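Can you keep this structure in mind? I'll have questions shortly.
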Amino acid sequence: MSIFIGGAWPYANGSLHLGHIASLLPGDILARYYRAKGENVLYVSGSDCNGTPIAIRAKQEGVTAKEIANKYHEEFQRCFRDLGFTYDCYTRTDSEHHHETVQKVFLRLLEEGYIYKKTVEQAYCETCTQFLPDRYVEGICPYCHEAARGDQCDACSAILDPLDLLEKKCKLCGSTPSVEETEHFYFALHTFQEQIKKVVEIVKEKGTWRDNAIQLTERYVKEGLQDRAVSRDLPIGVSIPVKGYEDKKIYVWIEAVAGYYSASKHWAEETGKDDQEFWNSDAQTYYVHGKDNIPFHSVIWPAVLLGIGEEAIPRHIVSNEYLTVEKRKLSTSKNWAVWVPDILERYDPDSIRYFLTVNAPENRDTDFSWREFIYSHNSELLGAYGNFVNRTLKFIEKYYGGIVPKGSIEVELKDKVEGLYKHVGEAIEQTKFKVALETIFDAVRFANKYFDEKQPWKQREDDPVSCEETIYNCVYLIANFANLLEPFLPFSSERVRSTLSIIKRNWEPQNTLPSRIDSVQPLFERIDVKQIEHEVGKLYGAVK
């Protein structure tokens, strides 16, 4: 089976925060799981280096857009690597390859008659002497009356045009823009109305899109899909490949989602492999992003794929809700965020991955609290999982000289482990990652109870053979926990496998156990709860 996984492309205009990771982490869990199953996986993403936010940030700082993009693209790569993300291709939208691929997509849509020219009115800033596309205009959403950008309202998810906004202001200078006529290319989105409607009916029946994606897309379809501009007067981006229009750029909403396609083609060129299997109707496709990106993946990208004759429309949309921080809405402008480069300096990446999975905003907004983060690490990772692994392996080291005693796997435990692979796998495939991880940790707590009830410290004196059986079965559980937890907690899983000299990562019960263990080290360290006050103080600016 061919599995294509696309992670949303973060704007390279500032550091990643935990809100980004909360929405993107499911992609890596899926990729690791399907690879362990032996499936053919292509997992791609990249940095959005062409968007308006980069141009605005560059102008504000008095540097080039390229300098801003380079800085954050490199930082993103480090953060994703340090968090254990296993992209097969992580690229950038200002690469020559991406530009060429997107231009081919544009020309194909033009040739098929899905793109046409139209004279329209557009916001124009007299002070900056330039047209103001999408995010260059800010104001009030006409639907919910919350603050919004010219491309979309985060509060109600409405897709907007800058002229839709009330109380419009130029993002660069704050002046009120005028309205001027200009010519742009438009995508005939309305022609895909019935096809998109059919797609939504199918995924709703199968339950393969998150509810928020289904509900929002149903709303768009009910209102009637509207044609959208595919060109903008932007300083950076992919140039329109039509003579006389080279100064205009392909609008980011079509250019960015086409990044999945360009990354796939780039991977194929780099590896010498064929990527077409990921774009046919048999491919299982997963698109992983936050709810603010739903319309781009549930309406626009399927329409583009249909327009260029590709069959692999989004089978699964994994669109998480928002993550708040200490009960407040995350705000990068107010520095109310937990920044990824910062948290990685002091905390285990598996602790971050664990918390953002068991507290994932899968169906509703959830909160990141430093108190809950640190207590979950100490009680679950250290107190439950780490404790079971450490007490078992230290017992072997102390009483058996590092030699794993011989024994046979208890039928009850074997059945339990086989059931875990089945149920956890099903939950992952259904994008219920929280359920999957909680199911494993229920088994971890069962394992600790098993150890306590068997009392190997007493068995060693009273019944040495039973003690060996107990420890052998505990090693069996540990080996399989490492396998089962690998998609979620790859770093600690690798440490366990190294200690047990286990190489295989297949998604199936690990029945062959090692004869000895090497260098037992604590799987996790306790975090001092005094850190809670320190971290919250930093967030409020009281601590530097």
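Using the three backbone atoms N, Cα and C, a Cβ is placed for every residue, glycine included.
According to Swiss-Prot, the protein carries these features:
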type	residues	note
BINDING	CYS141, CYS144, CYS153, CYS156	Zn(2+) binding site
BINDING	THR332	ATP binding site
MOTIF	10-20	motif ''HIGH' region'
MOTIF	329-333	motif ''KMSKS' region'
Six or more residues out from either end of the motif ''HIGH' region' (10-20), which same-chain residues have a Cβ under 8 Å from its Cβ atoms?
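Same-chain contacts beyond the flanks: 47-49, 51, 53-54, 56-57, 68-69, 71-73, 75-76, 79, 92, 290, 322-323, 325, 330, 332, 337-341, 343, 352, 356, 368.
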For CYS141 (Zn(2+) binding site), which residues in the same chain are close in space, meaning a Cβ under 8 Å from its Cβ, but six or more apart along the sequence?
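Long-range Cβ contacts: ALA147, ALA148, CYS153, ALA155, CYS156, ALA158, LEU160, LEU165, LEU166.
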Taking every protein chain in this structure into account, which of the binding-site residues CYS144, CYS153, CYS156, THR332 has the most other Cβ atoms within 10 Å of its Cβ?
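The largest 10 Å Cβ neighbour count belongs to CYS153.
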Any idea what the Cα distance is from THR332 (ATP binding site) over to CYS144 (Zn(2+) binding site), rounded to a whole Å?
22
Near the Zn(2+) site, what residues other than CYS141, CYS144, CYS153, CYS156 in the same chain have a C-beta no further than 8 Å from the centroid of the listed C-beta atoms?
PRO142, TYR143, HIS145, GLU146, ALA148, ASP154, ALA155, SER157, ALA158
By DSSP, how many residues in the motif ''HIGH' region' (10-20) are helix, how many strand, and how many coil?
3 helix, 2 strand, 6 coil
